[in-house]
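According to Swiss-Prot, the protein has these features:
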- Lys262, Asp267, Asp285, Glu346: Mn(2+) 2 binding site (BINDING)
- Asp267, Asp344, Glu346: Mn(2+) 1 binding site (BINDING)
- Lys274: active site (ACT_SITE)
- Arg348: active site (ACT_SITE)
Amino acid sequence: MALQFTLNQDAPASAAVDCIVVGAFADKTLSPAAQALDSASQGRLTALLARGDVAGKTGSTTLLHDLPGVAAPRVLVVGLGDAGKFGVAPYLKAIGDATRALKTGAVGTALLTLTELTVKARDAAWNIRQAVTVSDHAAYRYTATLGKKKVDETGLTTLAIAGDDARALAVGVATAEGVEFARELGNLPPNYCTPAYLADTAAAFAGKFPGAEAEILDEAQMEALGMGSLLSVARGSANRPRLIVLKWNGGGDARPYVLVGKGITFDTGGVNLKTQGGIEEMKYDMCGGATVIGTFVATVKAELPINLVVVVPAVENAIDGNAYRPSDVITSMSGKTIEVGNTDAEGRLILCDALTYAERFNPEALVDVATLTGACMVALGHQTAGLMSKHDDLANELLAAGEHVFDRAWRLPLWDEYQGLLDSTFADVYNIGGRWGGAITAGCFLSRFTENQRWAHLDIAGVASDEGKRGMATGRPVGLLTQWLLDRAA
C-alpha cells in the first residue's frame, strides 16, 4: 500500500496531524470542516477567500500554515469547483488533487475531511471507500527496478479519513490493495514479469490466506488437456507458459464467479512483428491477467462471502524458428480448429483455451478481461473499457458497477451479423475479422468458446495503462470488478 489509513472523528481544529484537508467551492462556500476551521481561526479562511489568496476553482490547492486556533500546523484547501455541479467526478478529482499536493514534502500525516461532503446519489460509505482507493492510487510510486536512483522518501504516509464506518474503510483498503497489486505486476518489465514469475507471485499471495488456494499448470499439463491454441502462441518463447488458477472459497456451496484474464507478459506480435511506436509498451499486454489477480486480492482481503475462481493463461508471444505462423491451423481445447490469419491476434488464442478450461467450474457468471484490441482504443479512447455480452442482465450488472465507482465501461454490439467475418475455408474459425470492427470481431471470436455460459468480455486496451513512455499501469478495471462482486455478495 502507498498509504496507511485510519478513521478519525476528532474535531478538525483539534486533530493531531500534520495537515487538515478541507474544501472550498468556486462561490467561496466552505466545506463543513473548513467552516469549523474558519470559526476556530476567527474568520481567517473567509478573509483569504475574499481577497483571492485561496481559490475554490477545480484543480486548485492552497497550503496554509499556522492558522490561529487550529492544532495542525498546516491546512490544505482544495478547490471543489461549481457547487451546483458537484458530484462523483469532482469529488474523486478533489481527493486525487489533495493527495498529489501532499505526496512529497514535509507532511507525513493528514486528516481528509472531504468525505463529509454530500455527493449526489452516493452515501457516506461510498465516500470513504472511494477516498481510500483514489488517494492510494494518487500516492503510488513505482520503485521495484530503480536500482541506485534516489527515491524521495518524504511525503504523506498516513491518511486519516473523517468518518466512522469501519467496514467501508476495510473494503476501500482491500480494493486499493488489489489495484496496487495489479499496477505493480503491470509496471514490471518483461524480463522480470515472465509467465513463471506471474504464476509464482499469484500463488505466493494465495498461500498466505485461509480459504484461498492456487494451482499452477505447466506445459505438460496443458498439453494433456489439449490446449493447442494457447501452446501454439507459446512456442516461440524460451519463457514457458503457465496456467494460473486461483480460488477463493468464501461462499459455501454456491456456484463461483469466474474471471479469466489475458496474461501475455510480452507481445512481440510474433511473425507479424509489431513496429516501433507500440512494441515498447507491450509489457502491458498482461494487464488483463494482472487485473483479475488484483480483483482476487481485493476479494480475499475484503473476505467477500462468495466463491471466486480466477484463471490466467500466462504466455509470452515471441519469435524463434519454432514460432507459429500465419496460415497455421491449430486445434483448441474445445476441439474447434482455428486458422491463424495474424500471429499478433494472439490474445484470443490463449483466452479461448482458458475459457474452455473455466467451464469445469460451472460458473454463475464468466467474465474475461483483456487488452485485446487496438480497435477498441480507437473507438473508445482511454476513458472507458469496451464491454460485449449476449446476456443483458450480466452486461447491465457490470455497467452499473463501473458507473458506481467511476471505472466505467461502454457496451459494444455482439450481433450475429459480425460472425461471418470470421469464416475460414481451412478451419472452423479464422482468428481475425478484417479491417473493420476489430474489437467486435474479437469478441465474436471469444463468444464461439462460451456458447453455454453466462459470459461477458471486457476489452481494456484503452484503460489498462497511461499513454506514453512515462505512463504506468492503472489497475483498471479492478474497481469495476470488485464492485460487481460486492454487489453479488450483498
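Indices start at 1 and increase along the chain as displayed.
Every residue gets a Cβ built from N, Cα and C, even glycine.
Here the features listed in Swiss-Prot are placed on the structure.
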| residue | record | Cβ neighbours (10 Å) |
| --- | --- | --- |
| Lys262 | Mn(2+) 2 binding site | 31 |
| Asp267 | Mn(2+) 2 binding site | 27 |
| Lys274 | active site | 16 |
| Asp285 | Mn(2+) 2 binding site | 27 |
| Asp344 | Mn(2+) 1 binding site | 21 |
| Glu346 | Mn(2+) 2 binding site | 28 |
| Arg348 | active site | 28 |
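The Mn(2+) 1 site is defined by Asp267, Asp344, Glu346, and by the 8 Å test on Cβ atoms against their centroid, the other residues of the chain that qualify are Val233, Ile264, Thr268, Gly269, Gly270, Asn272, Lys274, Met282, Asp285, Asn317, Thr343, Ala345, Gly347.
Listed in chain order, the residues near the Mn(2+) 2 site other than Lys262, Asp267, Asp285, Glu346 are Ile264, Met282, Met286, Val315, Asn317, Gly347, Ile350, Ala370, Thr371, each with its Cβ within 8 Å of the site Cβ centroid.
Distance noted between the C-alpha atoms of Arg348 (active site) and Lys262 (Mn(2+) 2 binding site) is 8 Å. Glu346 (Mn(2+) 2 binding site) and Lys274 (active site) have their C-alpha atoms 12 Å apart, to the nearest angstrom. Taking CA atoms as the reference points, Asp344 (Mn(2+) 1 binding site) and Lys274 (active site) are 8 Å apart.
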